[in-house]
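Visitor: This is the structure I have questions about; it appears just below.
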């Protein structure tokens, strides 16, 4: 440069610096006209070395910036592109200067350079975008204002030229190959043709890594800057930014958690636009695919309608039809002019035709629409060949579902909902991860989140339900899904628990082995569900249990009932509140006989006598009162399976009153009387008296209507009378005593007991005594399959063992022993029926203040449960 120009550029006054820049511009223009490019190189080198790179000299850097801008203006649009690689680096370096004035002039200089370079500036877009991203958060208002002007200019250039501008940097006169070529032998001149470099100045694939790095910026101004740029790139035709959606989608979700409302607003708008674009492209590709399938169908129909029978041999006719079909199919990917070229197609080998048909079918069946070389003159629609990477998008969405921000969760759910309707199959590999988060959202406090989560969960359930047939085997990894469901079940609320059971039921129908492999977790899930108070959850759990405990899977039922009894033994509160209901529901869903058989055999192995007595009383009470047990009661009454009665009798021997109740249900009154006589030989405990009191109340229930009518036939049922009178003689005089006594006194007994017995004996000797009802009602136990003596001996053995155990306990604990009151281990209110009836027995009043009366729908339950001492006050009250 001339010294005057150099001095003017370094002047403190802006007017003098501006005048010097104009002189420099004239000088460079003169060099361009004269072709003195060497001097231009020296001027640029001087401006960079001595001025723009002069660190800690703000005035020198300002001079260099003005000089470089003037040089770029002088070079013009035709020549500036070749010098940008030397001009731009020092200008961009000044954006990081500590002096705000230098940063301001850097913005001004780059603005002037970009205004001249236009599309050529796009070659250095990454570097420019990087400095703009940093300067957008500048603390100085003047610098930020200049940066906004520069940013606006770069956006305009990108919007206009990014999708089609090809740089001329490598297409100048320097280094080009000759346009003509002369043949050295003949002397002929030929024109050379070279392939044009079609590489665009702007490269989106090169820009995406930088965007991925910057998208996680924290500064709100930078975030707004990034969102604005993404809008520009998204709306620029031909760039196809949506193809790189997974690269920046995760960063946009972090913007939604920004504390500044303007950041959240612009981000929300951008994400709506992105989702709309995804939806548009997917629908477009689906529409194009359907059109192609329709074209194929039309061609096939045209072939079928045009073919007529000929006199050719069958093999030749089939081959001809096949070649004709190949001709029609070939038209899908060839120009129209080639469709009529029968000669070329007729010479095609049949093996090649088959291979072409196979590839064509694979193309039509593919999920994404692939790009074809020629589309028979069809108009190209932007977006029809874009490949949307849904798996990576879903990964980002699932990660953001676990966010603590409600807005982020809502948008992630909305995206998942839309993509599920577009391409549901891509969610199959992500089911386990999605459900682990989605089930938590079902219990969210925000109703909007819960509502959308329910919809998404329903869509996923429908998706898995639609996977049927061998072709889908192995596509869904049910094992991880089951693990995820069982883990989420215990920490979830009711809605989430119900959803978990819905999934487990579905998986069992699809892949039973996957459920059966997770026995421990399944048992815990079912037990937790049955212990809950929600009716829908219990219904789902029972439905799953019914599926798991199929008729052929007794081992599963046994293991489940073992775990259930273990839970009851460990959780006394659960026994008090839910044991009756749980056992009743399980028996109603499964076969009652099957459940009673299995659970009775399990109780035989328990050493805890008190717990065993509790469970036997629950089973006995349910057998008498539950409507679901009517079939089992009828089976016991008709003695269809004597061995079943025998097994129940032996298992229930630890609880004598329950054994007597069983005999009453089976109408085996002789056996009941014998048991009563046998047990009277041992010391009667308070527990037994309480249960007898309850049994007397149960005699008034509808279940024993038949027994009460049988009291009118004393000659046929003498042991019924003896048993009832025996119970009357055993219990203390109380309200229960008065109730039973009134019932017995209401009978019109006009004969003595001896006459009744003699009449009974004479009737047994009569060969015509074979009435069907009397056979059922009055069976001789000694002649039946119930093995009378064996059962009585077993009962005696159990009673003696229990008597010995009681004596040992009294010796160990002495006078302070507190015996557990059977019948008082449940709460006073049956939570499933919510019915309370006033007590009828002062004996029970001596123990508990209130007691429910039985009905056919609920068990008899004593209130204020707990282990109570049999003290003197109770004894005195019983005596009274």
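Every residue gets a Cβ built from N, Cα and C, even glycine.
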Visitor: Run through 186, 445, 784, 867 and tell me the one Swiss-Prot describes as phosphoserine.
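Guide: Record lookup, Swiss-Prot, feature phosphoserine, residue 867.
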Visitor: Run through 550, 805, 858 and tell me the one Swiss-Prot describes as phosphoserine.
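Guide: Going through 550, 805, 858 one by one, Swiss-Prot flags 805 as phosphoserine.
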Visitor: Annotation phosphoserine per Swiss-Prot: which of the candidates 306, 346, 767, 780 has it?
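Guide: Swiss-Prot records phosphoserine at 767.
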Visitor: Residue counts in helix (H, G, I), strand (E, B) and coil for the repeat 'HEAT 5' (517-554), per DSSP?
Guide: 27 helix, 0 strand, 11 coil
Visitor: Over the repeat 'HEAT 5' (517-554), work out the mean pLDDT and round it to an integer.
Guide: 83
